[in-house]
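*Asks:* Sharing a structure below in structure tokens format, with a few things to ask.
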Amino acid sequence: MKTVAVLSKPSKPELSEIIPPLQEWLGQHGYEVIFDQQSAIYVSGIHGVERAKIAAMHPEFAIVLGGDGTLLSAARAVAPAGIPILAVNLGSLGFLTEVPLQDMYSTLERVIACNCPLDERTMLACDLIRDGQVLHSYTSLNDVVVNKSAIARLVGFDVSIDGRFVFNYKADGVIVATPTGSTAYSLAAGGPVLMPAVGAFQITPVCPHSLTHRPVVVPETATISIVVRSNGEAAFLTIDGQVGQPLKEGDEIVCRKADHAVKLLQMRQSFFKVLREKLKWGERE
């Protein structure tokens, strides 16, 4: 029997009215449903699966119910296995989760009929290196951020690209963003907007103590190294705004293109239409 995974945002009361009929609809169309632990609480007699274990069960595709944050978490869990994601917006912004709830079933019909465009999004792979050893490895759909933690002190950074020193500065932080992440934290820090298909990453400083430092766009083939220097004990590594690790002076964060991409089942709206509708881009009033 074909299987589909359902992953949802925790503590979302309206899911009690969404998930049971969704399970019934999928069953009528020949699908067995794998629920993550957040979704299973809305279905009687079902024990949910840890999100990290869903990929090993090889569902045909995954339905994500929530906002952009839910999608980011789900992407890190299922993208390595090449599982396509249909993201249904239950959040506030919904920049990535572009399918409205009222269009969920009609979009699912298109997915089942293999008539739904597949949009591949580049991911970042990130290694945290301490004392010459890889301490942790991560993947990210939006961004890798090194910034100050609780104490309001500037942190020093050395940035290299492909083994060549580029610059150092003191700042609140530095962002390495994918094209998808260019409309997230990097945008708020003054970084450029990249179309999702652009083969590039961007390095965006956060409040640098300088009159000259600007965001830099590099090819996706580049390897980006960030070494934490002064006040390193006040620095923190964050992946997609969700997973974090305190840093020490001398820690190195190495970012490169991940071996896998996120496959999004989408309605194929114009990227610039989404910018206008979600971020009010280009509006004069």
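Just so it is clear, glycine is given a Cβ too, placed from its N, Cα and C backbone atoms.
Okay, so Swiss-Prot annotates it like this:
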type	residues	note
ACT_SITE	ASP68	active site, proton acceptor
BINDING	ASP68, GLY69, ASN142, ASP143, ARG153, LYS170, ASP172, GLN242	NAD(+) binding site
*Asks:* State the Cα to Cα distance, in Å, between ASP143 (NAD(+) binding site) and ASP68 (active site, proton acceptor), rounded to an integer.
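*Replies:* Between the Cα atoms of ASP143 (NAD(+) binding site) and ASP68 (active site, proton acceptor), the distance comes to 13 Å.
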*Asks:* Here are the binding-site residues: ARG153, LYS170. Which has the lowest count of other Cβ atoms within 10 Å?
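*Replies:* Fewest other Cβ atoms within 10 Å, among the binding-site residues ARG153, LYS170, is found for ARG153.
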*Asks:* Sort out the sequence-distant neighbours of ASP68 (active site, proton acceptor) for me: same chain, 6+ apart, CB within less than 8 Å of its CB, listed by position.
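*Replies:* Listed in sequence order: GLY91, LEU93, GLY94, PHE95, LEU96, THR97.
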*Asks:* Counting every protein chain present, what is the number of Cβ atoms, excluding its own, within 10 Å of the Cβ of ASP143 (NAD(+) binding site)?
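*Replies:* Around the Cβ of ASP143 (NAD(+) binding site), 27 other Cβ atoms lie within 10 Å.
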*Asks:* Could you check the binding-site residues ASN142, GLN242 and say which one's CB has the most other CB atoms within 10 Å?
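*Replies:* Result of the Cβ crowding comparison: ASN142.
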*Asks:* Would you count the other CB atoms within 10 A of the CB of ASP172 (NAD(+) binding site), including those on all shown protein chains?
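*Replies:* Here the count is 17.
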